[in-house]
Each structure stands twice: as structure tokens, then as C-alpha cells.
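> The structure's right below; bear with me while I get my questions together.
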């Protein structure tokens, strides 16, 4: 399985082409639209989300509600493009129109300046448009297809926010997977403690008035993955490493950890390692899950626990100082539309990116020309793991 995305933030559309999806997977536009709507939601989103109503168009690879095994083409139209017809025109335009929305004061924390240097851009909008988080629309669309595969194999997942702009979400007692999932899904903030909703919303409103932004830490949990996915035989086959790369590829993500993560640096080995158990009904298990479901780059059969840290959004309504790329004089950075926070949306993106990596690993590991073939191979493997 592989995919490519294309499109600019204010261009006419965004596109993804996915190759390697088995034939016979039940797939409808509504499956993808559901994830796209989740990405657009959450408290703190800005004006762009009131303009766009993301809906996918499937133009290949699906017929009568089933995948055919051919490449799948997904497209999402950018409604906001109608206001940017001159600025984002494919053909040449008058010089005055070119200068209309030219970006020459790069924003600290964005790809503007370095992208302009790398690709020799006189107008930093050429870097801004593609590096925008709008691109993640299509990674969520691809992830929605991946989640359909995982669901057919009995794999489920969730995400929730652990730290919201410096406020730690308090979890007073251990919640089951289903309890975490339900609470996060019914929260505008993707948090599992409803008593903290108003406190955080008030904080977001305060940050917005100040023209500032906040980040936080997101946790994604995956249930139902058997032991043995990934491999230790080469560095690039380790599944946790693949997930780390994928999570860090999400806009504004600056760190990733598994299980208790960086806290391991403060603990002894006897406190960190997960003791092994075995029962006739369940097979192998672990007393704990400090390592987040991974040993030696492979899944252990425990829930996968992946955490990602998102920096505050770099576009500020009270912009930081920058430099004019023509005169090299100090200037305030360019201001584009922005949100005080996009943590709930980033959680949806992270969840779908993780789903894509897991689906790809499964499709590469098991016979997967058709869904029925994949389901049998996966079921047989589960049975083998249980009786090992």
C-alpha cells in the first residue's frame, strides 16, 4: 500500500491516490466524510472551517460500494478557492495581481523562509500553500480507508488529549478502552474528563483574545493488534520507528513517545519492563504495558500507545518579528488565517496517520489481493499466536 497527496491550501482541490488496497473492501464516501468532518470539528477552530464543508469524491478504484483492487482516487474541493482565483491561477497573470497576496515576511515556525530558500521562491506563498496543514485533509481521507481495513480485522482505535496548552487532563481512575473512546468522541476538546471542559474553553478564548496559540500532547491507543507485526531484522522494518516517522510528519508535531515514553529515563529497568504472562484461554500477555505495545520494533499484542506533542500553531494574530526578504529590514511576520489551537483536529489526523501505517504493515505482511484472502490469513495468524 502506498499513497501520494497533491494540492495547495487555496488551490481548486486536494487529491490523494492510494495503491494496494485489496479488492472487495466495502467502502462508501460517507466512511471518509465521517473522518473529514471529525477533522473540521473541535473547539477553537477558525474561520476556514466555516467556509469548507469537506466531502470526498471517489473517482476510481471503487464500484458499487466495493474496492476493485485498482488505485483509488480521492478528491476534496476547496470552496475557498473561488476567492483566490487570481492569486492561485495556473496560467500567467498581470504583475499587479501577482503582488496582490505576495508573501515576503516569513512567519517564524513555518516553512515559509526555508522553503523559499530551498526552491528559489520570490513569493513565499509557493511554500506556504503546500506546507499548510490543509494537506492533512487528504491524509485523513487515506486514513479513513485504512480504518475500514482495520475494522474488518477487529482492530479499533481512539485518541484523546492528555495536555491542553499546559493544562493536564486529570483521569482519577483507570478507564476502559470503550470508556476512553466514548468520552473523547463526545467532547469538543477530545478530552476524557468532562469537568475540565469549561476551564479549557475559557483558556482557549483568553488565548484567542491575546492573539496567541497553544499546543499540547495527544495520545492514540490501538486495540486488537496481534503480536509480531514489524520486525527487528533491519532498522527500517521496526514498526514503532515507522509510526514515529509518520506522526512527526504531521504539521506542527515535534515529538513522539510510546507507552510511558520519556518517563522511562527516570525509572529503573525493573519498573519499566512488562512481565510476561500466559493463560490457556488468552495465550501470552503482559502484567503491564509501560512499553506501549512494542518490543524490538514489533507489536507485543498489548494495546499500542502512541503519544505526539504538537507545538503551538506558528501563525499569530499578534505576529512575531521577521525580515523582509527584499530589503532584509525587520518586519512583523505575515498574518494568515489561523486558530488559537487545533489540538482536537490534530488528534483526528494523528489517529488516521497511525491507522494508515498499521494498515500498510498488515497488507505487506499478509496475503491481501482480496479482503477475504486477507481476513483468512489474519485470522489464521491470530490463532497461531494464541497457541504458540
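Placement of Cβ uses the backbone N, Cα and C atoms for every residue, glycine included.
Sharing the record's features from Swiss-Prot:
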BINDING   39, 45  NADP(+) binding site
BINDING   130, 131, 132, 251, 252, 296, 311, 312, 313, 314, 315, 337  FMN binding site
> Of 39, 130, the binding-site residues given in the record, which has the fewest other CB atoms within 10 A of its CB?
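The binding-site residues 39, 130 were compared, and 130 has the fewest Cβ atoms within 10 Å.
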> Report, in whole Å, the straight Cα-to-Cα distance of residue 45 (NADP(+) binding site) from residue 315 (FMN binding site).
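Distance between the two Cα atoms comes out at 13 Å.
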> Name, in the order they occur in the sequence, the residues of the same chain whose CB lies under 8 A from the CB of residue 311 (FMN binding site) and which sit 6 or more residues away.
109, 215, 252, 253, 254
> Of the binding-site residues 130, 132, 313, which one sits closest to residue 45 (NADP(+) binding site) when you measure Cα to Cα?
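Closest recorded candidate to residue 45 (NADP(+) binding site) by Cα: 313.
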> What does the structure give for the C-alpha distance between residue 132 (FMN binding site) and residue 39 (NADP(+) binding site)? Integer Å is fine.
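Distance between the two Cα atoms comes out at 15 Å.
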> For residue 313 (FMN binding site), write down the residues of its own chain that are at least 6 apart in sequence and whose Cβ falls under 8 Å from its Cβ; none is a fine answer.
213, 215, 252, 338, 339, 340, 341, 342
> For residue 39 (NADP(+) binding site), name the DSSP secondary structure in the helix/strand/coil scheme.
helix
> Please work out the number of neighbouring Cβ atoms within 10 Å of the Cβ of residue 315 (FMN binding site), leaving out its own Cβ.
21
